[in-house]
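A.B. asks: The structure follows.
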Protein chains: 2
Amino acid sequence: MALKVIPIEKAFMFFEPGPVLLVTTKAGGKNNVMTLSWHMVIDFTPRLAVTTGPWNYSFANLLAQKECVLCVPALDLAETVVRIGSVSGMKVDKFKEFGLTEKKAKTVKAPLIKECLFCLECKLVEYIEEHSIIILEGTKAWYNTEKKEKRTFHANGDGTFVVDGNILNYRSIMEDKIPPGV
Amino acid sequence: MALKVIPIEKAFMFFEPGPVLLVTTKAGGKNNVMTLSWHMVIDFTPRLAVTTGPWNYSFANLLAQKECVLCVPALDLAETVVRIGSVSGMKVDKFKEFGLTEKKAKTVKAPLIKECLFCLECKLVEYIEEHSIIILEGTKAWYNTEKKEKRTFHANGDGTFVVDGNILNYRSIMEDKIPPGV
């Protein structure tokens, strides 16, 4: 299998740049997946905050099940990810509809997505209802060692997306700010 | 002046892709600026959530003053932004040290930064102490109409950064998800 467990302390690195995510949930024996852009790292362990709005079907599943998988798709999945974001899981089995392959996670019931670059199993820590913010804690990190396309993409909010370009290396300037194991 | 007011409903678009930000605060008559990667949009008005951790000097100023400016630097400021993130405003006047130009904001005391691509004046709505998350509401949006370099950059968390590359346009697929005015 392409997805391999990697050290959990590297997981925040996949979210800090702000890529578009796929989030899987499981409810009533059925897997669902949604597209999500509104997320941030809140600590290195890692903990993350996410929000979409309570109108969302997957969001309701996540609140009920208290677990999910945050997956980082690469550029090859871009159109699929946008299409996933445009239909509700209430009506459609999105895994079948969009040709995604479910893989069994270790610490949660929601599935990994084999076609993604990275997946993080997460437990819900808290729901801050006033702002519809969910706090998640990462429990198991999976990296797709066989994937050639490593560029992710970021939503601009107007239907356009920006793809990862060049890399800058400023490690020498900020060495004492980089957490252990990274 | 290069920075011009633009409609507030477009402001979330500068944050949704997850670029590295500069955040200005004012305390005791002195302006300060910090680098911040951990932020997310939480609604289109816009509201945003940010966190850094209570050890940070600017974070303490932001909590005390209950206002700030979130600025989006472009690629030309990348090394400056990394250097700003590596020193504390407690010891250094970072505007002077790093050659940034303060411009007067309209709704907050903290300054705009003339060299940035975009600045959003913000009021603090709430501090969620348990998770060190600050909820901000944007009050005035400024876009730098004279800036040629529009590419932003995103932190990977290990001292490397990814620069904006190609643009994908999926507006036709997701037309009914795009908020009014965008």
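Backbone N, Cα and C atoms are what each Cβ position is placed from, and that goes for glycine too.
It should be emphasised that the depicted structure is a prediction, and the values quoted were computed from it without experimental measurement.
The domain 'Flavin reductase like' annotation in TrEMBL covers A:13-155.
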A.B. asks: For the domain 'Flavin reductase like' (A:13-155), how many residues does DSSP put in helix, in strand and in coil?
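C.D. replies: Taking each residue of the domain 'Flavin reductase like' (A:13-155) in turn, the totals are 28 helix, 59 strand, 56 coil.
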A.B. asks: Restricting to the domain 'Flavin reductase like' (A:13-155), report the mean pLDDT as a whole number.
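C.D. replies: Taking every residue of the domain 'Flavin reductase like' (A:13-155) together, the mean pLDDT is 94.
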